[in-house]
Amino acid sequence: MASSRSVLNFQSFTSQALSADDVQLIETSVEQFGAPLLMLDCDIIRQQYRALSNALPNVTLHFALKPLPHPAVVRTLLQEGASFDLATSGEVELVAQEGVPAERTIHTHPIKRDADIRDALAYGCHVFVVDNLNELAKFKAYNDQVELLVRLSFRNSEAFADLSKKFGCTPEQALTIIETAKEWNIHIKGLSFHVGSQTMNPQKYVEAINTCRVVMEQAVERGLPALSTLDIGGGFPVNYTKQVMPIDQFCVPINEALSLLPETVQVIAEPGRFIVAQSMMSVASVMGQAERDGQTWYYLDDGVYGSFSGLIFDDAQYPLVTLKQGDECAPSVLAGPTCDSIDVIAENIMLPKLDNGDLIIGRMMGAYTSATATDFNFFKRAQTVVFNEQVANCERMIG
Ligand SMILES: *Cc1c(COP(=O)(O)O)cnc(C)c1O
């Protein structure tokens, strides 16, 4: 669903207090649509895309749909001139529906079924990722249509998600893949990696870029075709409850490392979380309450099986705010609605006395939240209300 209101200012959500305008907008949205809600501000999508574009001036940004595959996000970024990073046929369908030109997309799932490859090719996306010979062999049938990136693995135990545990190969394996591709007449366009989601230390990128530069040199030494692309993945960090480095500062060493690449190498990235994390806030209401072991338990209509699924899947800690004013705060528990005991959002947090129907706001709820929500126990997922989308028909229903 969409709303024509356009006064939402999510900036204030990164500070402790909500502005009076925010509070009013939250309350009118709940009156109009009910709770639980996710409020999506497209202005923040634009702001984050521009901030990362400025911080990485020579890098083409392919938004990774995975953290928030929402049509309004795709439309907003399309207007901004963004490119897109797809991983599944469902994501291909979404960008196709929104009219994204296929030349602006890459498909980066390292493991694909033949149907996944065919769906992407039918749409017109022809850049794919491989990290092993079994996968490479799948492209023999399409060798005149595809360009491939070889994904390298760089482990990162500090990230929210160490994506190099499951995917990626060693530099030596990469060279074997590139050599074999030459024998099989398959075009290798370049290298890619993902240093891990919410990576706090830019040095992780620097090390990966330097290793890729060496692999590119070794490929040339072995008489293989020169590689034209380096894909530095996603992973760019945002502020949850801990402050991270501002993105300009974060990207300084990355740009330095990129400047050592041959001028012929085109650099791309696949940011997900950085673009969308700040763009949504969640609004849940208190369904009921009980006193247990000296704490007040508040049962909300959204929880870890819903919008707060990132507490389990993503390791994220979301800043939480109540609209209730009260001087006397007591240690409290915020629990989700399902009958499962794992469904607890926060324990031992100091809250004023809440009434049933009072609202709890979660900030930084844009990435890996609704995307991983379930309908467990038949609790419906929170509806997403879209703000500040620059379209002619503001009342468009999105669902
Ligand atoms: C998840 C994913 C991304 C996005 O990562 P963020 O950490 O959200 O920026 C990019 N590329 C690939 C291949 C991914 O799997």
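Cβ from N, Cα, C; glycine included.
Here the structure is a predicted model, which means the values were calculated and not measured.
Feature annotation from TrEMBL assigns active site, proton donor to Cys339. Following the DSSP three-state reduction, the secondary structure of Cys339 (active site, proton donor) is coil.
Annotated domain 'Orn/DAP/Arg decarboxylase 2 N-terminal' per TrEMBL: 45-277, in sequence order.
Sequence annotations record features per position, and here TrEMBL assigns domain 'Orn/DAP/Arg decarboxylase 2 C-terminal' to 278-366. Across the domain 'Orn/DAP/Arg decarboxylase 2 C-terminal' (278-366), DSSP assigns 9 helix, 42 strand, 38 coil.
The N6-(pyridoxal phosphate)lysine annotation in TrEMBL covers Lys66. Counted within 10 Å of its Cβ, the other Cβ atoms near Lys66 (N6-(pyridoxal phosphate)lysine) come to 23, all protein chains included.
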Inset, instruction - Please report the number of other Cβ atoms within 10 Å of the Cβ of Cys339 (active site, proton donor). - result: 9
Legend entry - Distance from Cys339 (active site, proton donor) back to Lys66 (N6-(pyridoxal phosphate)lysine), taken between C-alpha atoms, in Å: 28
Legend entry - Per-residue pLDDT averaged over the domain 'Orn/DAP/Arg decarboxylase 2 N-terminal' (45-277), given as an integer: 97
Legend entry - DSSP state at Lys66 (N6-(pyridoxal phosphate)lysine), helix/strand/coil: coil
